[in-house]
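Per Swiss-Prot, S-adenosyl-L-methionine binding site is recorded for Gly75, Leu80, Val130, Glu131, Arg145.
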Amino acid sequence: MSAATLEQGLAELGLHLSPATQARLAAFATLLQKWNRVYNLTSIRDAGQVVTHHLLDSLAVLPHLEGITTLADVGSGGGLPGIPLALAAPDCHPALAVTSIETVNKKASFQQQAKIELGLANFTVVNERVENVRPEAKFDAVISRAFSELLDFVGLTAHLLRPGGRFLAMKGVYPRDEIARLPAGFRVVEVHPLTVPGLGAERHLIILERN
């Protein structure tokens, strides 16, 4: 993995992360590639693309997490975006704690190992189907890159949120048709086009709330 690519990408995103944090992000990328050879955590195997498509894509949402202290990452697979966000949090959002909810055992096992190896005190792994999770304290927000349909995202995760909590959907092209299919009781409150360095594709962060 190119540390220079990561450093340049962070600068283009306007993120000022310490050298120690950048080193931990690089260590996570190495760990992801190592486990991916056996566990098939991601289809992306090129080291440079791991930086752009996974690390920088995940971190592009950081400026939009103001006011959020508890964040649930649903269906994060290899820990994306949850682990990069947890790694960067001490430099940008010191109060942020991330909980990853992952159904697949091998993916949850990888995330737990990453937590241990990277010393992530602000990251928790829950190996369970999202609909079965009943948190003691509900979350400020829930985020996901995994859902192909906003309808499913809000339907399966609404019970995780505190009153006034937000859904953060990381999408590619603007999901006009998906928004039109949202059930009554949910609305889009913010749309943020994201420019991810090195990723030649549209990205949007769609923020939703209950009415």
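Glycine is no exception: its Cβ is also placed from the backbone N, Cα and C atoms.
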>> Excluding near sequence neighbours, so keeping only residues 6 or more apart in the same chain, what lies with its CB under 8 A of Arg145 (S-adenosyl-L-methionine binding site)?
In response: Asp57, Ser58, Gly75, Ser76, Leu80, Pro81, Met170
> Given the S-adenosyl-L-methionine binding site residues Gly75, Leu80, Val130, Glu131, Arg145 in the record, what is the largest Cα to Cα distance, rounded to whole Å?
Replying inline: 20
> Taking the Cβ of Glu131 (S-adenosyl-L-methionine binding site) as the centre, how many other Cβ atoms fall within a 10 Å radius?
Replying inline: 13
> By a simple count of other Cβ atoms within 10 Å, which of Leu80, Val130, the binding-site residues in the record, is least packed?
Replying inline: Val130
>> For Glu131 (S-adenosyl-L-methionine binding site), which of the three DSSP-derived states applies: helix, strand, or coil?
In response: helix
> So how many other Cβ atoms are close to Gly75 (S-adenosyl-L-methionine binding site), meaning within 10 Å of its Cβ?
Replying inline: 19
